[in-house]
Amino acid sequence: MSGASDIASCGGSLPVQREHGQRQVFCGLAGIVWLHRKIQDAFFLVVGSRTCAHLLQSAAGVMIFAEPRFGTAILGDRDLAGLADCNEELDRVVTELLARRPDIGTLFLVASCPSEVIKLDLDNAAARLAREQQGRVRVLAYSGSGLDTTFTQGEDTCLSALVPELPEADAGGEALLVLGTLPDVVEDQFRRLFEALGIPALHFLPPRRGSELPPVGPGTRLLAAQPFVGGTAAALVDRGATLLEAPYPFGIEGTRAWLGAAAAAFGIAAARVDEVTAPAVARAERGLERYRAQLAGKRISFLPDSQLEIPLARFLQHECGMTLVEVGVPYLDRRMMGAELDWLPSDVRLTEGQDLERQLDRLRADRPDLTVCGLGLANPLEAEGLTTKWSIELVFSPVHGFDQAADLAELFVRPLNRRERLAF
Ligand code: SF4
């Protein structure tokens, strides 16, 4: 596949190099791994091929003691050739599943590349199945296909499907809505901080149970915890919410500014934010110290994969003293990334999209100390003597907030240490 690139300015003065060509990313089915752990009464039924089933099974692992909350309805040759009625088959599979699993409160039908190629309309199927369930189970559809997306966009399409289901907030009811999946332990830490700040009402999307959907309306202040939920944020803004401009809660600076943006939206003084966060900041400073010494001065490149690249690059440069060689993002969502872009150094090489061969050529010429990339590229690059970090690990791990700042830095120290040990 041939590639191309062009240069543009991104909002401020920072130039961004746009690339088009072959990409190397996971598909949105990967989001099921963390979404099914978060929404505990949801089931994710992928309508896809054996490849989709294998991806899901190997990424999410096998639950031995519990019934899994994800599965794949496999499209066979007859389905793909248009010889079978896929809707009939799907209805049968769903009816059997729901009869066997009364614990399911929300069923997501997840579209894949094969179901999209044969144009199986899962939105209609979800509406039909929901009617049949007569309100007992919420049935929704979203796309996890990898045809034109990167792997974290699966969460965005899933949460977007939930937005029309959210109840209308009471008139005049002011509340903070934190958007994007956070591990429960991190969510609890943030809940305590928001409560100490005096935020009047607090909700999270996704919630821990599909039956506890947060209300939304003109009094909703929206604070994104993940940079890849731009579609959901836009849908919530359409329902009256106000999106707060803030960096992401990675590292001490990002977390303090993120909490500060929420506090300011509710008229809470900056001095109160400093007072409430001081003990956690002091703990995080102590934790970061030893890793900072190991990371300072090291050169790092990000290949486009997770959409976390910009906030992580900012953290590693500002708080750990690393030098940014190239920061690649799958796509640049300026509305979600404005506050972060302001913090990047003006000489950073920022790229959007991917032309794989060109990017690898630059990487081989740069030879950074550490390369953050997708799973598929890591081993070949290691074989070329480059040290790599899997970007997907940064999505799976608890890395947000003050108490995880040191853990986040350590995730980048580990591959450097491993390489050093291998060298001796
Ligand atoms: S959705 Fe597409 S990219 Fe993802 S596993 Fe299935 S076929 Fe592969």
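Cβ coordinates come from backbone N, Cα and C, glycine included.
Unlike curated entries, TrEMBL annotations are predicted automatically.
What you see is a predicted model, and the numbers here were worked out from it, not measured in a lab.
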May I ask you to find which of Cys113, Cys158 TrEMBL records for the [4Fe-4S] cluster site already listed with Cys27, Cys52?
Cys113
Around Cys113 ([4Fe-4S] cluster binding site), which residues of its chain at least 6 apart sit with Cβ under 8 Å of its Cβ?
Cys27, Gly48, Ser49, Cys52, Ser145, Gly146, Leu147
If the [4Fe-4S] cluster site is taken as the center of the Cβ atoms of Cys27, Cys52, Cys113, which further residues of that chain fall within 8 Å of it by their Cβ?
Gly28, Leu29, Val46, Gly48, Ser49, Thr51, Leu55, Ser112, Pro114, Gly144, Ser145, Gly146, Leu147
